[in-house]
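Asker: Just dropping this structure here.
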């Protein structure tokens, strides 16, 4: 699922340059059309987040994942068969819709399935597979044209639909539907035949009884609902306000100014860096904890975006241009001693490292951990809508922000947002490492964490 998600996000990078120069006038993208081809995915994903929230409560986590394979496959099929720009847009919206459902359901499925001792590592694997999908598309794009690339991108969702047939529904959803025997079978499948399935089911049922039945709008007055919802929404908003889209927007140009002749290879290097450090985050997640990694990640990004602002400020003063990136010739390029490309490259490296260690994977992981079962569909869909909606707004208004504040001012604004997310994390984000989902939810309600059950030995 996340591999398919990553392939959707990465597809536009190698496809847009080719579609912008294609000889067929029906498919050729101008600058504005190329912008929409890249960003329209976020609109589909925002809608998919709302749809996914309804699906997980009505048909369950497993079937939601299986059904979201369909728009992936149909979307890429429409792109493969595209005869005009509108078919390209439709394909991107459908794959975006599937990505929105995936970004909600997969973290939820993993959090309800995984043991608390490994839930952090498994939850981080979601983001790891996303960035792996992005890197895979970048690599494939070096040798494949846009149609063959779309064919390759349709393979992961097809495999997901097949392999999910052999996976169980999550025990928590089965128990919420009154299917105790199936829940115990699912736990034995996941934990092993000797696992204390009856004990774990009893613990989950006891927590569910305390939480009440189905979700109603009156539940928004419950601190066990509105507190985690507020945390989840702010995590998603701050993730986009870190400036990740801006950094990736400038990545190719920065590499070109640093004398990397093949910018396509450079984007693969960026994606590989994300993969490596997201893997590191997955390995240390259940040791270091979510909160510490979020704080360290925020510090890395705060400093690196501030350094980016310094780079743009110095470049614009030297170039006499507010953007500092778009002039081909400049005194900096003519004088290697004063070349500032090292500052841009190191800032980008530190930023990607920081984002991959914390603010990339952890908001999605925490979202899947903090909500009571009865509100997970609604609350998760609000969080996903916030993430993708803000991604669309920031992406489409980024150039306007640059014109208003200059490049340096824009990145210093991102630096300020990163400083705010550090403060927010310290004050409001709970540490969920090593805790059961029921203990996490009890903390928000202000009730004693459920430790009354002694695990059988």
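We number each residue from 1, going along the chain as drawn.
Cβ atoms are placed via backbone N, Cα and C, with glycine included.
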Asker: With TrEMBL as the source, which of 410-429, 430-449 is set down as transmembrane segment?
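Answerer: Within the set 410-429, 430-449, TrEMBL attaches transmembrane segment to 410-429.
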Asker: If TrEMBL is the reference, give me the range from 315-335, 378-398 marked as transmembrane segment.
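Answerer: My reading of TrEMBL: the transmembrane segment range is 378-398.
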Asker: Please report, as numbers and ranges, the same-chain residues at least 6 past the borders of the transmembrane segment (121-140) whose CB is under 8 Å from any CB of it.
Answerer: 1-11, 13-14, 106-107, 110-111, 114, 149, 152-153, 156, 264, 267-268, 271-272, 274-275, 278-279, 281-283, 285-286, 356, 360-362, 364-365, 368-369
Asker: Would you kindly list the residues that approach the transmembrane segment (34-56) from elsewhere in its chain, counting only those six or more residues past its ends and only Cβ-Cβ distances under 8 Å?
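Answerer: For the transmembrane segment (34-56), the list is 8-9, 12, 15-16, 19-20, 63-64, 67-68, 71, 88-89, 92-105, 108, 173, 376-385, 387-389, 391-392, 395-396.
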